[in-house]
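Record features, source TrEMBL:
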DOMAIN    5-302  domain 'Acyltransferase 3'
TRANSMEM  30-47  transmembrane segment
TRANSMEM  68-87  transmembrane segment
TRANSMEM  107-124  transmembrane segment
TRANSMEM  131-150  transmembrane segment
TRANSMEM  156-175  transmembrane segment
TRANSMEM  187-208  transmembrane segment
TRANSMEM  220-238  transmembrane segment
TRANSMEM  259-278  transmembrane segment
TRANSMEM  284-305  transmembrane segment
Amino acid sequence: MQRNKIIDIAKGIGIMLVVYTHTKCYAHDAIYIFIMPLFFALSGYFFNEGRTIKENIKNKFNSLIIPYIFYFLLVQCLFILVHKFFYQDIYFAWGMFFKPYWAVGPMWFFWDLFFTSVFFTLIAKVFKKTYLIILLSLIFSIGGYFLSIYKIQIPLYIDSALSMTIFYAFGYLLKKYNVVEKLNTKTSIIIGITSLILYSLAIVFQIVNNTKPNEVPQNYPLFLLSAMGAIMIFLIVCRFIMRFKFISNLLSFYGKESLIIFVFHVFTFYLFCLLFNLDIKNLTYLQGFLITIFALILSMIIGLLQMKYLPIPNLKQMYRYLKETLKTSLK
C-alpha cells in the first residue's frame with residue numbers, strides 16, 4: 001500500500017508540473033528534462049510480468065487506445081461547443097486523431113505510451129534475463145535518439161516511443177528490486193546528492209528534452225543520467241511527503257486521477273482564456289500560475305462528473321450485451 005501511495009504522490013506532483021509547463025512558467029526547460037521520462041518510468045513500474053505478450057498488449061490497448069478514442073471525441077465536442085457559445089469559429093480535422101493538437105494536444109501521450117509498452121513487453125517476454133532487458137531497452141532508445149538526430153519522424157509517435165523505452169525499463173527495475181522501499185536515510189542522501197549533481201549539470205549545459213516531437217538532447221548520456229537522477233530525487237521527496245497526511249492524501253488523489261487532468265487541462269486553458277479574453281500564447285507568468293490552478297480544479301471536476309455520468313464504454317460488456325440481444329431476437 002505504501003509503495004503504491006508513493007507512486008500516486010509522484011504522479012500527482014508530476015501531473016501538476018505537466019499542467020504548469022503547458023502555460024507560461026518558470027524553469028520550463030529544467031522540468032522538461034525529466035517530467036515525461038518520469039511518467040514512462042511510473043508506467044514501467046506497473047509492468048505485469050505474469051501476463052503473456054498478447055494479454056499485455058490487449059490490456060494496454062483497452063487502457064490507453066480505447067480511452068484515447070473516447071476522450072478525443074469528447075474533448076473535441078466540448079472544445080467546439082464552447083467556442084460556438086462564444087461565437088468563435090472552430091473546425092474539426094480528422095487528421096488530429098493521429099496527430100492531436102489544440103485542446104486534445106496532450107493526448108499524444110496515449111499513443112506514445114502504448115507503443116513504448118508494446119516494445120518493452122516484446123523485450124521483457126522474449127528475453128527474460130535482466131541484463132538483456134536493460135541492453136535491448138537501451139538499444140531501442142538509442143535507435144530513437146538517432147531518429148531524432150536525423151530528424152526522421154514515424155507516425156503515431158513511434159519514434160518517441162523508442163526513445164522512452166529505457167525509462168519504461170528503469171521503472172520496471174525500480175519495482176523489480178524494490179529500490180524505493182529499500183532506501184534508508186544514508187542511501188537516500190547519497191543517491192539524492194549524486195542525482196542532484198547530474199541534474200544540475202544538465203541545467204548548466206542547457207539540456208533540452210521535448211518528448212512529443214522526439215527532440216532528444218544531443219548530449220545523450222547526460223540526458224539519460226540526469227533524467228533518471230531527477231526521477232530518483234522525485235521518488236525520495238515523495239517518500240518524505242508521506243509523513244504529512246493531508247498533503248500526501250491530496251497529491252495521491254490527484255495522482256490516482258491524473259488521467260482526467262491530463263485529458264481535460266488544455267481544454268480548461270482555452271475556457272479560461274475565453275472567459276477573461278486572454279491570448280493563450282501570450283500569457284504572463286502570473287496568468288500562467290493562475291490558469292494552472294484553474295485547470296487543476298476544473299479538470300478534476302469535469303473528469304469526476306464524466307466518470308460518473310458518462311463513463312468510458314466497456315467494449316467487452318457491450319459485445320456480450322449485443323450478442324445476447326441478437327440471440328434473443330432470433331429465437
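From the backbone N, Cα and C atoms, a Cβ is placed for every residue, glycine too.
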Who are the chain neighbours of the transmembrane segment (107-124) in space, where the CB to CB distance is under 8 Å and they lie at least 6 residues beyond its ends?
36, 39-40, 43-44, 47, 49, 53, 56-57, 60-61, 64-65, 67-68, 71-72, 75, 98-100, 132-133, 136-137, 140, 156-158, 160-162, 164-165, 168-169, 172, 211-212, 262-263
Which residues, given as numbers and ranges, are at least 6 beyond the ends of the transmembrane segment (68-87) yet have a Cβ under 8 Å from it?
96-97, 100, 102-104, 107, 110-111, 263-264, 267, 270-271, 274, 306, 310, 312-313
For the transmembrane segment (187-208), what are the same-chain contacts with Cβ under 8 Å, counting residues 6+ beyond its ends?
29-30, 32-34, 215, 217, 219, 222-223, 225-230, 232-233, 236, 239
